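Now, the feature entries from Swiss-Prot:
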type	residues	note
DOMAIN	8-282	domain 'tr-type G'
BINDING	17-24, 81-85, 135-138	GTP binding site
Amino acid sequence: MSREYDLKDYRNIGIMAHIDAGKTTTTERILFHTGKIHKIGETHDGGSQMDFMAQEKERGITITSAATTAFWRGKRINIIDTPGHVDFTVEVERSLRVLDGAVAVLDAQSGVEPQTETVWRQATNYKVPRIVFVNKMDKAGANLEESIKSVKTRLNGNAVAIQLNMGSESDYRGHIDLVEMKAWEFDGKPEENGKEIEIPAEYLEAAQIERSKLIEAVSSFDDEVMMLALEEQEIPVDLLKSAIRKATLTSEFFPVVCGTAFKNKGVKAMIDAVVDYLPSPLDVPAIKGYFQEKEVLVTASDENDFSALAFKIMNDPFVGSLTFFRVYSGILSKGSYVYNTTKDKKERIGRILQMHANSREEIDEVRTGDIAAAVGLKDTTTGDTIVGDKSKHIILEKMVFPEPVISQALEPESKAATEKLSLGLQKLAAEDPTFRTFTDTETGQTIIAGMGELHLDIIVDRLRREFGVQVKVGAPQVSYRETITAKADVEGKYIKQSGGKGQYGHVWITFEPNPNNGFEFVDKIVGGKIPKEYIKTIQKGLEEKMASGILAGYPMIDLKATLFDGSYHEVDSSEMAYKIAASMALTKAKDVVKTVLLEPIMDVSVVFPKEYYGDVVGDLSRRRGQIINDETRSDGASVIKSHVPLSEMFGYATDLRSMTKGRGTYQMHFDHYERTPRNIADEIIKKRNIKN
């Protein structure tokens, strides 16, 4: 079967934004205008097609990323609509990993908001080219200029308008295209019928000034535009578009368009900008991978061996587990065998599905640049590389996800529900790399851990709805960490003689702090003092002990362990003995190096009317908060950014609502770990019945 759309005509894009900026509404309009859907569904009344989960419809927010495909001006646009709430930022992270471009949606009144910063930073990490859509231009306080300024100052983004709005707030009626110097007025009907009009006299001078700024901004990316600009010659539209595209593909220039998706103004022009300026798979650098521990580059071509990255798992009630994947090279047909190089396992693709939110269409094959879902992959999880069965066994760069910072205990309301609870948690954990579930070894309780209270609320709600499990939920708990603050050499020796074969393991390990670098194990054994086959076992023994901690039962982080000496017994030494010896050494380290408790510190952004400034700041201070930034928005609202321990943030939503008469909002996400004050740490250790 030949390719229906050339690879140069593909656009793999994500729609990303702060919560309530109008991201899903914008996506719905894109689908309507491209003919993908024939009736517009609204987020606020639960009618959005992209928000298909019951929880999304009830709460009016996006929780999980949803994929679909649309067509516009001869281009195939694969779209992923991502959540705007910080608790579900993993959905943005894994989507951006497999996308070539993105549309950042801003609220024209608020400009850049806290979660905008987070998703923008994620896109920058993956070098994803972006355009900016300033939405809600009809809203009170809407200001295109201030929104662009917020991108420049808060995101350090080189944002440049390619449109000038005509009117704002209730007077917003359309825009001037600064590239073609044409004015468009909209009737506000669902079809978004735009009428080209002569540029109104009152906007002509401003449009000429803004076009000059645009030309100046792109000239540094295109020599021909620069020469024509210096000679004060007219720049052809096609050349200017080409220069804007070239600049955008560098991820150092961000074209800005405007509109109001809900009122059906400006969305078609935004889709045009996606087609004109965002990259095809041929425009982005080759993907980095590894083959036999050497770096290789995977280029986008159907002629190359098949390679793809699994970026999402979803449990479908009708077809079972779906594995979403992005094809980076080659062709794959349904029924084929593939090789999971991450897990070193062969698997068979059953069916291949083209997804539209939660509906699906079966297809025969996928090619380079496609995003699809597979049925039948049992061992493949998020971040795994799959290649053709006979292909070179490369491994694409892995995804890295944040660790959970909050946990709760669950208890099924009946013993009969225990098995269903276990199955449900297993399936939900397979879907979400930032969700963990485990059994507390001391209490026997089932523990769930995630990125925030809303994250865990949704997990519990899904257990009830999708798996029919009623559970009792404990109070949220903070996920503390442990680490050491000094360097020491420690001996671990395990000898057991009780008849029959004995046990012998003996190690000397240097433990030292390893700030912000996780766990590092170094083997410095020389002369065969410990046989090579036991080295990995010693490392595993340390990792297992780190998971349960040595101070208060919390996982250890940022530790370097150097194995430098030890001994073995030709008869009695075993893997188990060395694992125990390593664990004993780490346990003994508590007595010779200072072990401390670390608490998660959250980045908290609060937006509220300025008359409540004193109350809000005073409350944050009482919560051990440290003010990082303080500003006043263009609409007069106060915005405070602070670092606050997670343990102090429980119940904050209720307190903020009370302080600001319901007019304050906040967002928070994990920022870093910090040493817990001694008096608080002692109390935590005491509660867990573990002596310091």
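Any Cβ shown, glycine's included, is placed from N, Cα and C.
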With DSSP assignments reduced to helix, strand and coil, which class does A17 (GTP binding site) get? strand
Note: among binding-site residues D20, K23, T82, M137, least Cβ-dense neighbourhood at 10 Å is D20
Does DSSP put K23 (GTP binding site) in a helix, in a strand, or in coil? helix
